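Participant: After the structure tokens below, expect a handful of questions from me.
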Amino acid sequence: MACGATLKRPMEFEAALLSPGSPKRRRCAPLPGPTPGLRPPDAEPPPPFQTQTPPQSLQQPAPPGSERRLPTPEQIFQNIKQEYSRYQRWRHLEVVLNQSEACASESQPHSSALTAPSSPGSSWMKKDQPTFTLRQVGIICERLLKDYEDKIREEYEQILNTKLAEQYESFVKFTHDQIMRRYGTRPTSYVS
């Protein structure tokens, strides 16, 4: 099969090559105005939970020639903290929606279906302290990975032993069939 690639000519050459009566179409010029992804500074901020803006350190591009810096432990901690709080809000909304669906399916109104933010059940949202340190999270992840690896290793050994037993049985059956074919129904003797 043949494969080809074409390149669009740069804009500065188009004016020289294309005359007004040319049958070729001209390139579309971009419209003046703001780009679709950017909004003017006086515009209102986007509603929460729809778009998330990255931290200031990630928004600004690094100047050319400078090294890309890795995030500091504090930045990692802040990112994990933000993700955890988002996860908690998401779980809380999921619980509230499940409770409201259960109440709607029962056709009985419950006043406790939707908990108010001031109720004691949602006090965990007020506390924004981490449950685990970064080191503890690393240790937990290592332990989970080790357990998962051990489980996979056991399953692999079990499957391998099963296949080996099947292969041995087929070998014994094949050998028995070959012996029966060769010697038939003759009585076996110790002298050959």
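Cβ atoms here come from the backbone N, Cα and C positions, even for glycine.
The shown structure was predicted, so the numbers you read here are calculated from the model rather than taken from an experiment.
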Participant: For the feature phosphothreonine in Swiss-Prot, which residue out of THR53, THR72 does the record point to?
Facilitator: THR72
Participant: Give the three-state DSSP assignment (helix, strand or coil) for THR72 (phosphothreonine).
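Facilitator: The three-state answer is coil.
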